[in-house]
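Take a look at the structure below.
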2 protein chains.
Amino acid sequence: MKSESGTASLGRFDFACGDEIESLEVAYEAYGEFNGDNAVLLCHALTGSQNVAGYTDEETDGQARAWWNDIVGPGKAIDTTEYYVVCANVPGSCYGTTGPASTDPEGEVYATDFPPVTVQDWTRAQRQVLDTLGVGRLHAVAGGSVGGMNALDWARQYPDDAECIIAVAAAPRLDAQSLALDAIARRAITTDPNWNDGDYYDAETTPTDGLAIARQIGHVMYLSKSSMQQKFARRAAGRDARRDSFPVDPAAAFFPYRDVESYLDYQAEKFVDRFDPNSYLYLTRAMDDYDLAEGYEDDARAIAAFEGETLLISFTGDWHFTTEQSEALAEAFRSVSTPVAHHVIESDHGHDAFLVEPDKVGPPLRDFLADGINGRAVHDTADSNADNDSGFAPVHASLFSQ
Amino acid sequence: MKSESGTASLGRFDFACGDEIESLEVAYEAYGEFNGDNAVLLCHALTGSQNVAGYTDEETDGQARAWWNDIVGPGKAIDTTEYYVVCANVPGSCYGTTGPASTDPEGEVYATDFPPVTVQDWTRAQRQVLDTLGVGRLHAVAGGSVGGMNALDWARQYPDDAECIIAVAAAPRLDAQSLALDAIARRAITTDPNWNDGDYYDAETTPTDGLAIARQIGHVMYLSKSSMQQKFARRAAGRDARRDSFPVDPAAAFFPYRDVESYLDYQAEKFVDRFDPNSYLYLTRAMDDYDLAEGYEDDARAIAAFEGETLLISFTGDWHFTTEQSEALAEAFRSVSTPVAHHVIESDHGHDAFLVEPDKVGPPLRDFLADGINGRAVHDTADSNADNDSGFAPVHASLFSQ
């Protein structure tokens, strides 16, 4: 697969908050060849990176690398022999794009002097990266989770720039429960004394405990209740090796160190090695802040100027971004006669399904990119509602089954 | 209402873990008059206390006081003019019963030298308190949440000692998701440097940040997704006063301090004033450890010796202790022909419904105490299943509705 990895120097960048930085660098990767009308922009999730695919023989390292390797590549659902696929690391992140861990023109680490970022900033930075690559109008913008919010933002901010939008496991805005859990996760970081008001880049110790707890909260949000039960139940861990990941008191030794703890501790350990704590604060706030209807009366009016087609994919086991949220959004598209298909996938994998169910996600993506909402594998709740009065409701039984 | 508040000195107490302490003091309260066969033992929830009722003009302070004031009292569902109601603070807690914050016979604070406690220890301590009060056989043992697990433990440990058991919003054991969230909450406490290996009782600073985060995680578990959305949505808080409850970086100021954060911060602030961080570690571990089937082949065999009647009450919006878990337990009772009714209450209040829905919880409690599973207001899923093939499944729609 032909691929290109680079950094676009965008110069001065004005953030939506009113602040600016002198020089925004955006790391991106591109796969395939541009032929003028085959560009697909992919938007990564919260802790993802620009590296969408290509590391076939290596561990994917939890979204840091090759997060859609099963979906994107030659002959895959997003076929890089057909499409020119671009993904850019968002401003505020830590995979090569300027963020809190970067240095300012004077050589000082920004830390928490970095301007607050929003999803709107991400979209605008992506637009500018595409300009440097000579890409004007896109065939599609696609993304999962907050990357799906980012894709939806394209329909609002640049309604003429994409033929179609794909938002997987996304929502027009977070609900109160998700806002609460994100806020608690941030508290875990900022109460870690090693956070030190965000100034830890030259310190010997960094707020790894706080970031680990934040990640563990997130991890539970991304899994479904029943998939956790099936995967871990109440089993003790095979090895106690990771039991000392966090401080414990002597009384803890009487109780098993459970498989589910060992898993979360292992995942957190990997995560703190790859992610910047300040970036976690910045990016979760961008996600929390995102509201498709902001500045408009409602979601329908926010996307009314977009005349392309939209595919929404949701997962029945996702309690973070629910099927109901995607359905409400589909209704908003329908109400302004914007062609939309809301494709519901039965999956017990929770929010993570958009990463780990390529066999179910791939076909509707492939067929939508080729034929829009009339694509063969693309299903729409509006059709199933016509067949069946109960619509997609029954799918939720799986959420709480044991 | 006649009420009595006291401390039972139980002397040396051998814990299930094999350790012992020289002197276990158990704080209890009792309401009404004992007439030989009218005793009802109530088991409090995780952070509850022995004070079940009676503070009608005061704030209930989140389970610390008068946690079932709407249910227990003269003329109420558990009528103290009819029943002699006893509640004891569990070993390991911090409301007068010996726990980590108590001093040992040498005058040293136990801290984390306190033996690990289990629900079985709670049950045995309650048995001994009742002995000191002259109460042999109980009319009923009732409890909510982990208090319901405690009540179920009576059926296993003292099957001849109670005529009936009531477990509200309970389960025979926690599932992987709840175990995970409890474990993360404990990590928040033990990574707080002020926890200091549990030795903070003489310190100027205590691990309040860690305990606050632990409580906030718990709080989200106790509410339903839709009730949080209805109560808070994405609203900004009316006042920013509590915004500095936790450290924040300057970039945070660009974003709203939300109502849901303000609520969680306020609740956490109240909680850290009333609860001991080490007790939170000890009691959550007791809850996590509880498994009704432990030592038996399954739940049915664990309660086979109990010949009384059992009422299980569950709530449709409870994602912490689910209706499915109660139904599976009801099936276990049915399989050994132990009379049981599983009464499902439609409520959007999540796990907290057992505290905040007295109008729905009271009638089945009252009628079950009077007439057992044939009580007028007591419904059983087995009956509704007979009427209706879909059983209680439709109730879950409310969990994820917006």
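Glycine is treated like the rest: Cβ placed from N, Cα and C.
What TrEMBL lists as active site, nucleophile is B:Ser145. Residues or ranges marked as active site by TrEMBL: B:Asp318, B:His351. The feature substrate binding site is assigned by TrEMBL to B:Arg215, B:Asp352. Residues or ranges marked as domain 'AB hydrolase-1' by TrEMBL: B:38-358.
Around the Cβ of B:Asp352 (substrate binding site), the number of neighbouring Cβ atoms within 10 Å comes to 24. Considering only the recorded positions B:Ser145, B:Arg215, B:His351, B:Asp352, B:Asp318 (active site) has B:His351 as its nearest partner by CA-CA distance. A separation of roughly 16 Å, to the nearest angstrom, links the Cα atoms of B:Ser145 (active site, nucleophile) and B:Arg215 (substrate binding site). In sequence order, B:Ser145, B:Ala169, B:Met221, B:Tyr222, B:Leu223, B:Phe315, B:Asp318, B:Trp319, B:His320, B:Phe321 constitute the residues six or more apart from B:His351 (active site) in its chain with CB-CB distances below 8 Å.
Taking Cβ-Cβ distances under 8 Å and a sequence separation of 6 or more, the neighbours of B:Arg215 (substrate binding site) in its chain are B:Ala185, B:Gln267, B:Ala268, B:Phe271, B:Val272, B:Phe275, B:Tyr280. Using a 10 Å radius centred on the Cβ of B:Asp318 (active site) and all shown protein chains, the other Cβ atoms total 28. Secondary structure from DSSP puts B:Asp318 (active site) in coil. Counting every protein chain shown, the number of other Cβ atoms lying within 10 Å of the Cβ of the residue listed as 'active site, nucleophile' is 28.
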